[in-house]
Ligand code: SF4
(Lines of atoms letter the chains of each structure in order from A and count residues from 1; the text may use other names and numbers.)
(Lines give C-alpha, C1' and ligand atoms only; values in the text may rest on other atoms or scores of the structure.)
Protein backbone atom coordinates (compact mmCIF):
# COMPACT_ATOMS: atom_id res chain seq x y z
CA UNK A 1 0.00 0.00 0.00
CA UNK A 2 1.27 3.48 -0.84
CA UNK A 3 0.25 6.50 1.16
CA UNK A 4 0.25 9.69 -0.86
CA UNK A 5 2.00 12.60 0.68
CA UNK A 6 5.25 14.45 0.88
CA UNK A 7 6.61 12.90 4.07
CA UNK A 8 9.31 10.35 4.85
CA UNK A 9 9.91 7.49 2.40
CA UNK A 10 9.77 4.06 4.05
CA UNK A 11 10.61 1.54 1.35
CA UNK A 12 7.93 2.06 -1.28
CA UNK A 13 5.60 3.72 1.23
CA UNK A 14 5.51 7.46 1.79
CA UNK A 15 4.17 8.47 5.19
CA UNK A 16 2.81 11.98 5.61
CA UNK A 17 4.68 13.96 8.22
CA UNK A 18 1.58 14.49 10.35
CA UNK A 19 1.15 10.70 10.62
CA UNK A 20 4.78 9.70 11.06
CA UNK A 21 4.51 9.34 14.83
CA UNK A 22 1.17 7.54 14.75
CA UNK A 23 1.38 5.00 11.97
CA UNK A 24 3.33 1.76 12.23
CA UNK A 25 4.01 0.14 8.87
CA UNK A 26 5.23 -3.44 8.75
CA UNK A 27 4.52 -6.76 7.09
CA UNK A 28 3.51 -10.06 8.59
CA UNK A 29 7.03 -11.54 8.40
CA UNK A 30 8.56 -8.61 10.26
CA UNK A 31 5.78 -8.61 12.85
CA UNK A 32 5.69 -12.34 13.44
CA UNK A 33 9.29 -12.97 14.42
CA UNK A 34 9.53 -10.30 17.16
CA UNK A 35 6.21 -11.42 18.66
CA UNK A 36 7.16 -15.08 18.44
CA UNK A 37 10.60 -14.49 19.97
CA UNK A 38 9.34 -12.02 22.60
CA UNK A 39 6.94 -14.59 23.98
CA UNK A 40 9.53 -17.36 24.06
CA UNK A 41 12.44 -15.36 25.45
CA UNK A 42 10.40 -14.26 28.44
CA UNK A 43 9.05 -17.67 29.37
CA UNK A 44 12.03 -20.01 29.25
CA UNK A 45 11.26 -22.71 31.79
CA UNK A 46 14.31 -24.65 33.01
CA UNK A 47 14.26 -28.31 33.94
CA UNK A 48 14.76 -29.09 37.65
CA UNK A 49 18.06 -30.73 37.21
CA UNK A 50 21.33 -30.48 39.10
CA UNK A 51 24.47 -32.59 38.92
CA UNK A 52 27.02 -31.25 41.42
CA UNK A 53 28.23 -28.12 43.25
CA UNK A 54 27.27 -25.81 40.36
CA UNK A 55 23.66 -26.76 41.04
CA UNK A 56 23.85 -24.94 44.38
CA UNK A 57 24.64 -21.70 42.54
CA UNK A 58 21.78 -22.39 40.14
CA UNK A 59 19.43 -22.84 43.10
CA UNK A 60 20.69 -19.54 44.57
CA UNK A 61 19.97 -17.83 41.26
CA UNK A 62 16.34 -18.85 41.55
CA UNK A 63 16.07 -17.48 45.09
CA UNK A 64 14.66 -14.09 46.04
CA UNK A 65 18.03 -12.31 46.10
CA UNK A 66 18.62 -12.90 42.39
CA UNK A 67 15.03 -13.38 41.33
CA UNK A 68 14.88 -15.24 38.05
CA UNK A 69 11.23 -14.23 37.82
CA UNK A 70 12.46 -10.94 36.34
CA UNK A 71 13.27 -12.94 33.21
CA UNK A 72 10.22 -15.20 33.28
CA UNK A 73 12.50 -18.14 34.10
CA UNK A 74 11.51 -18.93 37.66
CA UNK A 75 9.18 -21.78 36.75
CA UNK A 76 11.53 -24.73 37.11
CA UNK A 77 9.64 -27.75 35.81
CA UNK A 78 9.87 -31.23 37.25
CA UNK A 79 9.16 -32.91 33.93
CA UNK A 80 11.06 -32.56 30.65
CA UNK A 81 7.72 -32.38 28.81
CA UNK A 82 7.17 -28.86 30.16
CA UNK A 83 10.75 -27.55 30.07
CA UNK A 84 12.48 -25.40 27.43
CA UNK A 85 15.92 -25.19 28.94
CA UNK A 86 18.31 -27.78 30.32
CA UNK A 87 20.98 -26.23 32.55
CA UNK A 88 23.85 -28.71 32.82
CA UNK A 89 24.97 -27.63 36.28
CA UNK A 90 27.83 -29.79 37.47
CA UNK A 91 30.12 -32.69 36.76
CA UNK A 92 28.81 -34.96 34.00
CA UNK A 93 29.70 -38.56 34.74
CA UNK A 94 29.58 -41.33 32.18
CA UNK A 95 26.87 -43.00 34.21
CA UNK A 96 24.65 -39.92 33.98
CA UNK A 97 25.04 -39.14 30.27
CA UNK A 98 22.49 -41.70 29.01
CA UNK A 99 19.89 -40.25 31.38
CA UNK A 100 20.74 -36.66 30.44
CA UNK A 101 20.39 -37.35 26.72
CA UNK A 102 17.14 -39.26 27.30
CA UNK A 103 15.70 -36.30 29.24
CA UNK A 104 16.81 -33.90 26.51
CA UNK A 105 15.08 -35.99 23.85
CA UNK A 106 11.88 -35.86 25.92
CA UNK A 107 11.84 -32.04 25.97
CA UNK A 108 9.62 -30.40 23.33
CA UNK A 109 11.08 -28.14 20.66
CA UNK A 110 12.23 -25.43 20.79
CA UNK A 111 14.67 -26.38 23.53
CA UNK A 112 17.99 -25.07 24.66
CA UNK A 113 21.03 -26.27 26.58
CA UNK A 114 23.15 -24.10 28.86
CA UNK A 115 26.46 -25.58 29.98
CA UNK A 116 27.16 -24.19 33.45
CA UNK A 117 30.69 -24.35 34.82
CA UNK A 118 34.01 -25.90 33.97
CA UNK A 119 32.89 -29.49 34.58
CA UNK A 120 29.91 -29.38 32.22
CA UNK A 121 31.85 -27.57 29.50
CA UNK A 122 35.09 -29.55 29.57
CA UNK A 123 35.38 -31.89 32.53
CA UNK A 124 36.79 -29.19 34.85
CA UNK A 125 39.09 -30.42 37.61
CA UNK A 126 38.04 -34.00 36.83
CA UNK A 127 38.95 -33.85 33.15
CA UNK A 128 40.18 -37.22 31.88
CA UNK A 129 39.00 -38.91 35.04
CA UNK A 130 37.94 -42.47 34.38
CA UNK A 131 34.28 -41.67 35.06
CA UNK A 132 33.88 -38.12 33.77
CA UNK A 133 32.82 -36.83 30.37
CA UNK A 134 35.03 -34.00 29.11
CA UNK A 135 32.22 -31.80 27.88
CA UNK A 136 28.48 -32.30 27.49
CA UNK A 137 28.79 -30.85 23.99
CA UNK A 138 30.11 -34.23 22.88
CA UNK A 139 26.53 -35.47 23.25
CA UNK A 140 24.15 -32.50 23.14
CA UNK A 141 24.06 -29.20 21.21
CA UNK A 142 25.05 -26.49 23.69
CA UNK A 143 23.64 -22.99 23.11
CA UNK A 144 25.44 -21.06 25.85
CA UNK A 145 28.58 -21.81 27.87
CA UNK A 146 29.01 -20.16 31.27
CA UNK A 147 32.60 -20.36 32.55
CA UNK A 148 33.60 -20.64 36.21
CA UNK A 149 34.07 -23.13 39.01
CA UNK A 150 31.42 -22.53 40.07
CA UNK A 151 29.93 -19.65 38.08
CA UNK A 152 28.32 -17.06 40.32
CA UNK A 153 24.59 -16.34 40.09
CA UNK A 154 25.52 -13.16 38.20
CA UNK A 155 27.42 -15.24 35.65
CA UNK A 156 24.51 -17.61 35.22
CA UNK A 157 22.12 -14.69 34.74
CA UNK A 158 24.52 -13.26 32.16
CA UNK A 159 24.39 -16.61 30.35
CA UNK A 160 20.59 -16.60 30.46
CA UNK A 161 20.52 -13.09 28.99
CA UNK A 162 22.87 -14.33 26.24
CA UNK A 163 20.36 -17.10 25.58
CA UNK A 164 17.58 -14.51 25.31
CA UNK A 165 19.67 -12.59 22.77
CA UNK A 166 20.12 -15.80 20.79
CA UNK A 167 16.38 -16.42 20.83
CA UNK A 168 15.84 -12.87 19.54
CA UNK A 169 17.86 -13.74 16.42
CA UNK A 170 15.73 -16.75 15.49
CA UNK A 171 13.07 -16.67 12.80
CA UNK A 172 9.90 -18.72 12.63
CA UNK A 173 10.56 -19.17 8.90
CA UNK A 174 13.90 -20.92 9.38
CA UNK A 175 13.50 -22.51 12.82
CA UNK A 176 14.83 -26.07 12.59
CA UNK A 177 12.09 -27.50 14.81
CA UNK A 178 9.42 -26.92 12.14
CA UNK A 179 11.21 -28.75 9.37
CA UNK A 180 9.29 -31.71 8.05
CA UNK A 181 11.88 -33.34 5.81
CA UNK A 182 13.44 -35.44 8.58
CA UNK A 183 11.19 -36.54 11.50
CA UNK A 184 14.20 -37.69 13.52
CA UNK A 185 15.98 -34.32 13.23
CA UNK A 186 16.78 -32.96 16.66
CA UNK A 187 16.83 -36.37 18.30
CA UNK A 188 20.16 -37.34 19.79
CA UNK A 189 21.14 -41.01 20.24
CA UNK A 190 21.32 -42.16 23.84
CA UNK A 191 24.86 -43.41 24.55
CA UNK A 192 25.28 -46.93 25.89
CA UNK A 193 27.00 -47.36 29.24
CA UNK A 194 29.15 -50.47 29.37
CA UNK A 195 32.74 -50.89 30.53
CA UNK A 196 32.99 -47.40 29.05
CA UNK A 197 30.60 -45.02 27.38
CA UNK A 198 29.77 -45.90 23.79
CA UNK A 199 28.42 -43.19 21.53
CA UNK A 200 26.25 -45.11 19.08
CA UNK A 201 27.08 -42.57 16.37
CA UNK A 202 30.65 -43.85 16.54
CA UNK A 203 29.76 -47.53 16.16
CA UNK A 204 31.04 -47.78 12.59
CA UNK A 205 34.44 -46.38 13.60
CA UNK A 206 34.59 -48.61 16.68
CA UNK A 207 33.85 -51.73 14.63
CA UNK A 208 36.46 -50.83 12.02
CA UNK A 209 39.11 -50.23 14.68
CA UNK A 210 38.17 -53.40 16.55
CA UNK A 211 38.54 -55.44 13.36
CA UNK A 212 42.13 -54.23 13.07
CA UNK A 213 43.00 -55.66 16.49
CA UNK A 214 41.25 -59.02 16.85
CA UNK A 215 41.16 -60.35 20.41
CA UNK A 216 41.03 -64.04 21.18
CA UNK A 217 37.59 -65.03 22.42
CA UNK A 218 37.56 -65.91 26.15
CA UNK A 219 35.42 -68.96 25.33
CA UNK A 220 38.00 -70.24 22.88
CA UNK A 221 40.76 -69.55 25.42
CA UNK A 222 39.00 -71.56 28.14
CA UNK A 223 38.50 -74.47 25.75
CA UNK A 224 42.22 -74.49 25.09
CA UNK A 225 43.20 -74.80 28.79
CA UNK A 226 43.62 -78.26 30.38
CA UNK A 227 40.55 -79.64 32.14
CA UNK A 228 40.24 -78.52 35.76
CA UNK A 229 39.68 -81.02 38.61
CA UNK A 230 35.99 -81.19 39.59
CA UNK A 231 36.55 -79.77 43.11
CA UNK A 232 38.03 -76.47 41.84
CA UNK A 233 35.66 -75.89 38.95
CA UNK A 234 33.14 -73.87 40.99
CA UNK A 235 33.43 -70.55 42.72
CA UNK A 236 36.86 -69.73 44.13
CA UNK A 237 37.27 -70.67 47.79
CA UNK A 238 38.72 -68.20 50.23
CA UNK A 239 42.00 -69.29 51.76
CA UNK A 240 42.72 -68.39 55.37
CA UNK A 241 46.49 -68.56 55.94
CA UNK A 242 45.95 -68.94 59.70
S1 SF4 B 1 32.72 -26.59 37.83
FE2 SF4 B 1 33.54 -26.54 39.93
S3 SF4 B 1 31.77 -25.97 41.18
FE4 SF4 B 1 30.96 -26.66 39.19
S5 SF4 B 1 30.54 -28.87 39.46
FE6 SF4 B 1 32.62 -28.67 38.66
S7 SF4 B 1 33.94 -28.69 40.51
FE8 SF4 B 1 31.83 -28.22 41.17
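The backbone N, Cα and C atoms fix where each Cβ goes, glycine too.
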Feature region 'Disordered' in TrEMBL, mapped to one of the ranges 181-211, 212-242: 212-242
Other residues near the [4Fe-4S] cluster site, CB within 8 A of the CB centroid of 53, 54, 119, 149? 52, 89, 90, 91, 116, 117, 118, 120, 124, 148, 150, 151
Which residues, sitting 6 or more apart from residue 53 ([4Fe-4S] cluster binding site) on the same chain, put a CB under 8 Å from its CB? 90, 150
In the domain 'NADH:ubiquinone oxidoreductase-like 20kDa subunit' (53-163), how many residues does DSSP assign to helix, to strand and to coil? 48 helix, 16 strand, 47 coil
Given a separation of at least six residues and a C-beta threshold under 8 Å, show me what packs close to residue 119 ([4Fe-4S] cluster binding site) in the same chain. 51, 52, 54, 90, 91, 92, 125, 126, 132, 149
54, 149: which of these binding-site residues has the sparsest Cβ neighbourhood within 10 Å? 149
